[in-house]
Amino acid sequence: MTSTTNDSAGGDRAALRFVKGHGTQNDFVIVTDPEAQIDLTTPLVAALCDRHRGIGGDGLLRVVRSGSLVERGVLDALPSGVSPEDWFMDYRNADGSVAEMCGNGVRVFAHHLRASGLVATDEFTVGSRAGARPVVVHSHDSVHADVTVQMGPVRTDGESMVRIGDDVYRGLMIDVGNPHLACVVPDLTAADLAQVDFTDGVMLEDDAFPHGANVELVTPAGDPDADGRLPAAMRVFERGVGETRSCGTGLVAAGAAVLASRGESAGTLCITVPGGRVEVGVGADGAYLRGPSRLVADGELRPGWADLDD
Ligand SMILES: N[C@@H](CCC[C@H](N)C(=O)O)C(=O)O
């Protein structure tokens, strides 16, 4: 990539290359910055992810060497299991806020590493703020990939409620590296789920999530398929973004919540979201997420693109 320095949202004075990709239509702007030279300010990220004045995306993935983030003071220390030479997914939400993990993001990130030649093997580790995330790239070309991510531990921390419009839903507070409220609503058909109106956002219980949370509504959708996977349908409202068409960590939280609603702690699910379908596995050793990645475009931002005052 062309290196650039950004002193503010409007301070870029060199062309900035990017790749655009998505995982089940959870879409990302990908910026390769191995030595962490870009000052990823909140306004800069928000402008890049803005669908009107920037490229547009649910989030931004910076491709950076883990050790560089520590050297530059972006991270205080390497997260658990992450080596300085590992590629690190420095994830930001569309509003510019930092999040610990992004499951769909890791699939797209791994695809980009593999397709661009930054990584030459199909199995490697991606660093994230939530820790190391081993990946397997089952197949890939320059546009398509099929990727499994080991998503680490899934922790349930009790129950809480959320108001969405006039309705209140109860769910499990689940940590998948980032916080979720996963609400299983068994009597909601897939058609009812599609009608839920997120226009006014979601209202979480006071003090339940000091750093906010992502909210999933999930409905079990019948008997296991021929591979023993439980079908389910999910919609999600993401912290720092709004409603998205998919959320990988949310899919894992939803899968764990569906299993818990059946009195089970392990199993596999095939979950449909507005943007596609993924496989989720939950077990004593942690969870995995398997699904597609698409890289759709390469581009270059023009110097001065982010000037906000004209
Ligand atoms: N879309 C992501 C989750 C991104 C972070 C989330 N919005 C948060 O703030 O925790 C995924 O695929 O997991």
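Note that Cβ sites are derived from N, Cα and C of the backbone, with glycine treated the same way.
Taken from TrEMBL as is:
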- N26, N93, G103, N104, N178, N214, E238, R239, G248, T249: substrate binding site (BINDING)
- C102: active site (ACT_SITE)
- C102: active site, proton donor (ACT_SITE)
- C247: active site, proton acceptor (ACT_SITE)
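In three-state terms derived from DSSP, N26 (substrate binding site) belongs to an extended strand segment.
Cα of C102 (active site) to Cα of G248 (substrate binding site): a distance of 6 Å. Close to N26 (substrate binding site) in the fold, though at least 6 residues off in sequence, lie D58, G59, C102, N104, G105, T244, R245, S246, C247, G248, G275, each with a CB less than 8 Å from its CB. Residues G59, A99, M101, C102, G105, V236, V241, T244, C247, G250 surround the recorded substrate site, their Cβ atoms falling within 8 Å of the Cβ centroid of N26, N93, G103, N104, N178, N214, E238, R239, G248, T249, which are themselves excluded.
Long-range Cβ proximity for E238 (substrate binding site), meaning a same-chain Cβ under 8 A and a gap of 6 or more residues, is found for D58, N93, N214, T244, C247, G250. Annotation for the active-site residues C102, C247: lowest Cβ count within 10 Å of the residue's own Cβ, C102. In sequence order, G23, V149, M151, V176, C247, G248, T249, G250, L251, V252, L289 constitute the residues six or more apart from G103 (substrate binding site) in its chain with CB-CB distances below 8 Å.
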